[in-house]
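Asks: Mind having a look at this structure? Questions to follow.
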Amino acid sequence: MTQHMIEIKSPYFLREESLASPADFAAVFGNRNPLVLEIGCGIGDFVTQLASSAPERNYLAIDIYNKGCNKTCNRLEQARLTNVRVMRIEARYLLEQFLATESLAAVYINCPDPWPKKRHLKRRLVNERFLQTLLHYLQPGGELFFSSDVADYAHAVTAHLNQIKGYENRLPVPVALDMAGYPLSKYMRRFLAQGQSIHFIHHRRNPQHTCETAAPQPVHRGFRTAWSANNG
């Protein structure tokens with residue numbers, strides 16, 4: 001089914017054609033505050049809470065769904081925040097095309113599609129290849145936050161992180177069932193109200209780590225990039 005396209009006219013919305021490669025986000029925000037990325041912003045509940053609590057940081061919220069981007073922009077306008085921008089773009093394409101290496105202070109990925117069927121596991125966004133790529137774009141000491149309502153996905157991500165030199169766990173356990181002070185999206189709150197669990201991961205790029213692997217392979221534009229068994 002083709003999603004009805006909403007023309008987004010909000011000043012919070014960034015269009016690809018308005019950006020250089022890599023983009024100058026200091027110019028976009030009008031300052032050089034640390035840049036934080038949220039992958040999969042949904043309707044914008046999480047990033048609105050996060051940006052409100054840390055106005056000294058800039059936030060780029062992305063999603064592949066036009067409707068979600070529009071709702072996020074509307075929510076930001078209501079909150080009158082100035083430190084958030086929204087893009088409709090696929091995460092891997094954003095990293096390769098518009099972000100400079102070591103440009104991100106933090107990345108948040110909350111409850112991405114778990115693709116629970118065994119034959120679809122290779123479609124998960126957060127796999128070993130993606131985490132290796134992400135390491136290039138995190139600043140030394142840059143943080144990675146991941147959450148999932150599917151325990152198997154969270155533990156798979158932990159296993160991938162343990163295989164990659166350069167990440168270090170910031171929690172006393174590999175996967176936590178609670179994280180003090182962590183904003184909860186509407187989806188998370190609804191899930192918890194049903195008596196289910198959210199599984200949290202918090203790693204960072206080791207400040208002493210130098211990325212010695214080859215630069216990430218180019219990613220072609222699109223909201224459904226090619227999947228392969230080699231993606232992890």
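Just so it is clear, glycine is given a Cβ too, placed from its N, Cα and C backbone atoms.
Dumping what Swiss-Prot says about this protein:
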{"type": "ACT_SITE", "residues": "Asp113", "note": "active site"}
{"type": "BINDING", "residues": "Glu38, Asp63, Glu90, Asp113", "note": "S-adenosyl-L-methionine binding site"}
{"type": "BINDING", "residues": "Lys117, Asp149", "note": "substrate binding site"}
Asks: Could you check which of the recorded positions (Asp113, Lys117, Asp149) sits closest to Glu38 (S-adenosyl-L-methionine binding site), going Cα to Cα?
Replies: Asp113
Asks: By CA-CA distance, flag whichever of Asp63, Glu90, Asp149 among the binding-site residues is nearest to Asp113 (active site).
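Replies: Nearest candidate: Asp149.
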Asks: Going by DSSP, give the three-state secondary structure for Glu90 (S-adenosyl-L-methionine binding site).
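Replies: In the DSSP reduction, Glu90 (S-adenosyl-L-methionine binding site) maps to coil.
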Asks: For the binding-site residues Glu90, Asp149, which Cβ has the most other Cβ atoms within 10 Å, all shown protein chains included?
Replies: Glu90
Asks: Applying the rule Cβ within 8 Å of the centroid of the Cβ atoms of Glu38, Asp63, Glu90, Asp113, what extra residues of the same chain belong around the S-adenosyl-L-methionine site?
Replies: Ile39, Gly40, Cys41, Ile62, Ile64, Tyr65, Ala91, Pro112, Leu125
Asks: How big is the gap, in Å, between the Cα of Asp63 (S-adenosyl-L-methionine binding site) and that of Asp149 (substrate binding site), rounded to a whole number?
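Replies: Here the two Cα atoms are 19 Å apart.
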Asks: Grab the S-adenosyl-L-methionine binding residues from the record (Glu38, Asp63, Glu90, Asp113) and give me their largest CA-CA distance in Å.
Replies: 15
Asks: For Lys117 (substrate binding site), which residues in the same chain are close in space, meaning a Cβ under 8 Å from its Cβ, but six or more apart along the sequence?
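Replies: Sequence-distant Cβ neighbours: none.
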Asks: Let me spell it out: for each of the recorded positions (Glu38, Asp113), count the other Cβ atoms within 10 Å of that residue's Cβ, using every protein chain shown. Which one has the most?
Replies: Glu38
Asks: Sorry to bug you, but what's the C-alpha spacing from Asp149 (substrate binding site) to Glu90 (S-adenosyl-L-methionine binding site), rounded to the closest Å?
Replies: 22
